[in-house]
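Structure provided below as structure tokens; questions to follow.
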Amino acid sequence: MATAVPSMALATPVFQHGLIAMSVAVILAPFSYYMGIGARMLKLPQITGYLVSGIVSGPYLLGILSTESVVDLNVVEGACLSIIGLAAGAELHLSELSRSKKQVIGITLGISAVTWLFCYGALEYTAGLLPKLGELDASHIVAVASLGATLMMARSPASAIAVLKEMDSKGPYSSLVMAVVVVKDVVVIIAYAINVELIRVNTLRSAGGSLQLLGMVLPVMSVMLSITVGLCGGLLLGMMLRPHSLLAAVLSRTGPATAFRVKQLLILVVSTLIFNMAHHFYAEPLLACVTMGLFLVNRRHERADKEKEELHLMVSQIMSLTNVAFFGLAGASLKVGALKDMFGAALLVCGVRLVAIFLGSWLGCYATNASAEHRRLFWMSMVTQAGVAMGLARLAGTRFPDWGPHFQTFMMSIILLNLLVGPPLFRHALVRVGEAKALLLPLANKGGGGAVQQAVLQLQLGGIIPGIKENGGGGASSEGGLAHTHGHGHGHVHGLVGEDSVAKSDRDLNQ
């Protein structure tokens, strides 16, 4: 009788669907991986290949992954999103941020406010013209536009790190860019959580009843609960990873490689647990994971720097696997038939976002007395979007089943455009400010040798940044998700960009 219970559980349709979906996903994983390598060879972001592999194998083209299979793999997607959130939070080093907090806060507020306002107007206008979204009532259109405008504020930290490493860029411009990028993404995730709760309250209100007090309290409670769950996860993981823990005593009997892999598995399991716990309590799971990462890298003790480096290395290697799964599933969930109807609207929103970023960056730099060069060029570093924005779009797609999938497809199309346009612009800005040390081109120096430097610039840009020289566009082989590598040595960007101790994980920055 006791043995009958497990056999009955194994025979349930849910378990069988999950097992089939997992088997198909494992078989398709190599296809997604090599599609990513192919995209990199074509000078495109690697996650573009992952997305294309998901679209091709998904329910709207070849049908290898059915709609039910994509839903059954939500647990895998949750694990991937938990690592994306953990990695984003682990970028925010409070001690380094305090060195230029006035400029960081001013520029972050300028870009975020102007981008939200401009993109809200563009999204409210275009939403009524799109399939499914155009059928929503006025209150839901406002909610969709607000949520989409919040996602348009996001900027990928890992893609910025990838370009900085590729260009060997260090200096005040690079430092300021990284600080703003990291803070802005944390702001975006908090704003996303508030938006989701406001939409939920609006939905309850439309069903009947007065919820004014609940409408004010619920978003705050959701954010506070998310932060609390994340802090608990950070405490738990920090205790388990400390040198004198029971786990450390057990791992001391194994080899260094085995111990490293066990710790990576522990990070994946705990972050997934925190993600699902936050979801269970109707908190914002990505915010909880961001809080966990932020807590882990900002603890103060004698081994803090070494533990930060180890954490970033472990997370970056986990990301090389989870990015394949997450972006492949994201591609499989896209409504391909709706993409062609959304492309024109996506181009419009993308253009409006570029104008908003330029204006917001200029205003933020002007208000904080940044140099004239920063005012002209800072916007170029804020265009690229990837893992965090896509993760939030995917969460919205699953959380709001009525209009969420179409909203996700629309957001993904805009994010992909930003992902293709952003990297060449950022590289160009680094060259112009003279911080692209990989090119050996201190163009900001107006001294002698300018003609020789300009000649070298033309030669090297032709091979390294063909998009700028020839057609002003093109992708980046090093852009994409949220893989991270760090070393902590000589200043903010030097710490963010990384050291030789993590050279092995540099290859993962292509994601």
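Placement of Cβ uses the backbone N, Cα and C atoms for every residue, glycine included.
TrEMBL lists these features:
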| type | residues | note |
| --- | --- | --- |
| COMPBIAS | 501-511 | compositional bias 'Basic and acidic residues' |
| DOMAIN | 33-421 | domain 'Cation/H+ exchanger transmembrane' |
| REGION | 475-511 | region 'Disordered' |
| TRANSMEM | 14-35 | transmembrane segment |
| TRANSMEM | 47-67 | transmembrane segment |
| TRANSMEM | 73-92 | transmembrane segment |
| TRANSMEM | 104-123 | transmembrane segment |
| TRANSMEM | 176-194 | transmembrane segment |
| TRANSMEM | 214-237 | transmembrane segment |
| TRANSMEM | 281-299 | transmembrane segment |
| TRANSMEM | 311-330 | transmembrane segment |
| TRANSMEM | 342-365 | transmembrane segment |
| TRANSMEM | 377-395 | transmembrane segment |
| TRANSMEM | 407-426 | transmembrane segment |
Against the transmembrane segment (342-365), which of these stretches has the most C-beta pairs under 8 Å: 176-194, 214-237, 311-330, 377-395?
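The stretch with the most close Cβ contacts to the transmembrane segment (342-365) is 377-395.
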Against which stretches of its own chain does the transmembrane segment (214-237) lie, if we need a Cβ under 8 Å and a gap of at least six residues from its ends?
89, 190, 193-194, 196-198, 200-202, 204-205, 266-267, 270-271, 273-274, 277-278, 281-285, 287-296
Counting only pairs 6 or more apart in sequence, are there at least 3 Cβ pairs under 8 Å between the transmembrane segment (281-299) and the transmembrane segment (377-395)?
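These two stretches do touch.
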Among the recorded stretches 47-67, 73-92, 104-123, 377-395, which has the greatest number of Cβ pairs closer than 8 Å to the transmembrane segment (311-330)?
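Maximum Cβ contact count belongs to 73-92.
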